[in-house]
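J.: Structure below; questions to follow.
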Amino acid sequence: MAGMDVEMRGNAIDEMLKKKRDLNPLPEPETLDDLVQGLKIIFQDNEINVEEVNEYMSKYKTNAREWYKYAKFDHHRYTRNLVDQGNGKFNLIVLCWGEGQGSGIHSHSDSHCFMKVLDGTLDETMYSWPSDSEDERELQKTETHSYGKDSVAYINDSMGLHRVENSSHTNTAVSLHLYSPPFDMVECFDQRTGHRKKVRVTFYSKFGQRTPFGCTSVETLEPENN
C-alpha cells in the first residue's frame, strides 16, 4: 500500500506540473542554455512525454557559437562530450563525428534517446533485435533515415537497435543527444552474427574540458570490421 501511495503522489505531482506548463508554456529556447534549463523543467515529471521533448528540442535553432566549446573531435573515432547532467534525470551530450566516422550497432539500456543534429548530416540504420532462438544470424535492417541540421530523432529499445554514421568523407557532423535515464553500459552487436557484448561508454570531455588522458580509452561504439 505504501508503494501505491508513493506512485499516486508521483502521478498527482506530474499532473500538477503538466497543468502548470499548459497555463504557462515554456518560452522557446533561444540559446543552448535556455534549452538546458527548459529540459530540466520538463524532466521534473516522473514520466517522460516523448512528443513534448521532441518538440522542445526542435524549437532550438543551432548556433555554433553556443556549442563550439563542447565540440571536440578525434581523428580516430567519434567523441562523446558531456554538456549537462540534468539534475540526475538525464545526460545531455555533444557527439562529434569526423568524416566517415560512425557507431557500431547498439541498444540503449532501456533509456530514452533523443538526437538533434547541430551541424552536418547523420545517417541512421535501424535493425531488429536478434532472435534468442538462433545462435547466429545476420541482423535484419528495418529502416534507414537521414537527418540534416536541426532535425530531431528518437529511439528506445522497444523500437529496435540502430547505428549512426557520418557518411560524408568531406564534412564533419555534430549532434546533441539526451539520454534518460543516464547510462554508462550498452550492448553492441555484430551485424553478421547477431552476437552481442557489453560495452562501456565514457566521455571524451566534460563541461568543455578534456578528461584526463588516462581515462579516455573510450570504448565508443565503433562499427565492426567487415
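Cβ atoms here come from the backbone N, Cα and C positions, even for glycine.
Any TrEMBL annotation is an automated prediction that lacks curation.
Pasting the relevant annotations from TrEMBL:
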- H106, H108, H162: Fe cation binding site (BINDING)
J.: Could you tally the C-beta atoms, other than its own, that fall within 10 angstroms of the C-beta of H106 (Fe cation binding site)?
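T.: Neighbour count, Cβ to Cβ under the 10 Å cut-off: 20.
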J.: Fewest other CB within 10 angstroms, which one of the binding-site residues H108, H162?
T.: H108
